[in-house]
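**Q** Here it is, the structure in full.
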Amino acid sequence: MERERAKKAKEEEEAAAAEAAAAALRLKRQEEKRLVMEARLREMEATLREKKRQERLDEEERAREVAERERESEERAAREAKQAKARLARRARQERAAAKAKKKEDERLAKQRHEREMAKIHENHTGGGPIVSPHKAHASPGKSSSSPFDSPPAKPSPVRRGKHRGKARGPAEPSPGVLSDLELLATGLPVGSEQSDDEFGDGDGDGKPRSGSGTGLRGKSHLIQMEYERRVAEAEAEVAREAAAKAAAAGASEEPRSAKTPQFRRASGDGGSDGGGGGGGGG
């Protein structure tokens, strides 16, 4: 009986030991599984953190790229605006230069046109040559004058009476109001009649028509004098118009010459002294 009890107790101890060993093995396996699960969880967490970090980096990179593109776009827009402004300024300068050149060309053409018109008017009034007094034919060849009345008139020869009346004896200057044949041709009056300084052309210098001669207008010197005065007035008006036009074109403030200047007073007052030149040039 004792042996059976001892054998039974031994078997129970062995069973308890086996049970304890099995429990310990289960605990060990559970611990290993826990450790594996923890390692796997840590790995997943690390992977998730890396993924989030990469996503954040990618987002930052995209933001930088967007900012870079915007900056480049703004710089390009500013550059294009600057270039457009420079083009507009260059075009404006070119247009101003072209307008200035056109204005100068128009002024030059207007000046040429004005000079041609003045030359044509001068030619129509003077027959293509300057209004020259007959006394200027004896002036020095090197002397020139811009005005037809600048040089003073020569002293007229005295009136000759007697059988030589109306005729010059020797190389003498023509009398006031007496025109040469060439100048008479320019006035359109008859040529060849005897002339003198007398108003009625009778040669006696008394200012009265010759008795028994009707009107006494031999030589028609009074008509020649009237024609001369008319042409002198036309020349004075033409010179005044030309001076006024030049002053207006140049923007000058000085007044043009008028018929009240000394040279025009001399020309219009002397009458016969420059009559030949006025009559001859106006043809």
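Positions of Cβ are set from backbone N, Cα and C atoms, glycine also.
Found this in TrEMBL, in case it helps:
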- 45-83: compositional bias 'Basic and acidic residues' (COMPBIAS)
- 92-125: compositional bias 'Basic and acidic residues' (COMPBIAS)
- 139-149: compositional bias 'Low complexity' (COMPBIAS)
- 158-168: compositional bias 'Basic residues' (COMPBIAS)
- 195-204: compositional bias 'Acidic residues' (COMPBIAS)
- 227-244: compositional bias 'Basic and acidic residues' (COMPBIAS)
- 269-283: compositional bias 'Gly residues' (COMPBIAS)
- 45-283: region 'Disordered' (REGION)
**Q** Should anything in the same chain at least six residues away from the compositional bias 'Basic and acidic residues' (45-83) have a Cβ under 8 Å from its Cβ atoms, list it; otherwise answer none.
**A** none
**Q** Using DSSP, tally how many residues of the compositional bias 'Basic and acidic residues' (227-244) sit in helix, strand and coil.
**A** 18 helix, 0 strand, 0 coil
